[in-house]
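Look at TrEMBL and you will find Glu142, Glu382 tagged as active site, proton donor. What TrEMBL records for Asp275, Glu410 is active site. If you look up TrEMBL, you'll see Thr499 marked as Ca(2+) binding site. The disulfide bond annotation in TrEMBL covers Cys339-Cys368. Residues or ranges marked as region 'Disordered' by TrEMBL: 1-25.
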Amino acid sequence: MLGCLNLQRKPPSKRGPPVLQKRGNVSDWQVKDGEEEIVKRDEDGGKEAKTVIRFVKAVDRVEAVREAFRHAWKGYKAFAWGHDELKPISKTHGEWFGLGLTLIDALDTMWILGLKDEFAEARKWVETELSFSKNVDVNLFESTIRILGGLLSTYHLTGDTLFLDKAKDIGFRLMPAFKTPSKIPYSDVNIGKGTAHPPRWTTDSTVAEVTSIQLEFRELSRLTQDPQYQNAVEEVTRQVHRLEGKRDGLVPMFINTNSGKFTRRGAFTLGARADSYYEYLLKQWLQGGKKETELLEDYLQAIEGVRKNLLRQTSPSKLTFVGELSNGHLNPKMDHLVCFLPGTLALGAHNGLPADHMDLALQLMETCHQMYAQMETGLSPEIAHFNLQSSNGRDIDVKPADRHNLLRPETVESLFYMYRFTKDSKYRDWGWDILQSFNKYTRVPSGGYTSIGNVRDPVNPAPRDKMESFFLGETLKYLFLLFSDDSELISLDKYIFNTEAHPLPIWPSTS
């Protein structure tokens, strides 16, 4: 297969038969793999012979992602420039924090994809328009992973101190969230007033939100030589590490900001409200050079807890899935969010953790693939229910309220890891199928992609008129990295990805 097409490089003059080299323009994303007759000259320069060869357009796949990004960016630029989210069907924008969320989330994606013109426009907006001195409540977790993470990542990739300066600004403004009786941060902070509070309806924060901000704040301390950021988030980690109320390393979904203790409500899940707690245990251990053994112990214990309490197989196909434990009973329900797990397990195995982690990753990757392949649109629902005793011959059922697809990245994220570590081309093929389904059912002609309401209805998938920032920040980035043949492009031995797909460096070892 061809390597990914570098925008700055001329294509090599001799590399494989001519049909393997990229042809035509960027609309080649519509061309499928197939067979083609080519004319090939004998080595001695003699007569030409016709040969039918099988070809797989590696370059076309890479270029297809660039084309998809450009199409999404076209809509954002036309109808939502400087705003948080594009509403591609009504050709307007939605606001969450009023901080240009999609633009910031997409910065490092543009850099990685080599889209220099688009990046330059976005950089200018960051320099001249982005201000955090606003009387606005933001969610600590979402702002940390998307804005702080995006700015830190872009600084590392480009070396441009504009992004570090902006990262310092937002990081400092988020710190009031940690002024709580327990040091467990509030969920919301007003970045203009310097005040913070829990959600309006509860004094709880979700466990995922308070334990998935560590990579970013630790890195901010390392870059600024100011320990306050690292101290604040590591105090949270220490408290959660020793809290009672876990089950075989699995954590409840909520934690009280006054008492600092788990709230005994909700399920044990690897889906929403708990998912990235597990991801960040492993990734902090990797970020810090594999020195913080408590993080590793908690991660290993949690994976054993998953095996003991949450793993089941479907009928009839014996798909392995991760259910949820509620009041001692297993609910055979799995969020699409859980599809981060195969990639995380594979990353751990790559770094010397037990080989059976990779075995589990392979099984779960197949299940996440089936969550796409068994749907009429080829796109996964937000939540799947699995049959333990199938009466209808189906492994997967989807309830009407769960049939939406938000352009989420978790499955293609895991496909990227699985391909990097196994080089099995089926993972690329599965990712290609997903991209084609996005193009078929979610692409809006005037620019942008939209989340849809019903993955079971290819005739009317019920577009929801919203393009989440993570489609550009994560989904297309992971697809690009999946299709690229440059394994040094964001090397997994040099970078870890935060939970919004922003690569941060693994810290250099100190003697």
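Glycine is no exception: its Cβ is also placed from the backbone N, Cα and C atoms.
TrEMBL labels come from automatic prediction, so no person has curated them.
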Long-range Cβ environment of Cys339 (disulfide bond), under 8 Å and at least 6 residues apart: Leu364, Cys368, Met371, Ser380, Glu410, Thr411, Glu413, Ser414
Neighbour tally for the residue listed as 'Ca(2+) binding site', based on other Cβ positions within 10 Å of its Cβ: 27
Spatial neighbour of Glu142 (active site, proton donor) that is closest, considering only the recorded positions Asp275, Glu382, Thr499 and their CA atoms: Thr499
Distance [Cα-Cα, Å, rounded] between Glu382 (active site, proton donor) and Asp275 (active site): 14
Same chain, 6+ residues apart, C-beta under 8 Å of the C-beta of Asp275 (active site), given in sequence order: Ala208, Thr269, Asp335, Leu337, Val338, Phe340
Those active-site residues listed as Glu382, Glu410, and which of them has the most Cβ atoms within 10 Å of its own Cβ: Glu410
Neighbouring C-beta atoms (10 Å sphere around the C-beta of Glu142 (active site, proton donor)): 16
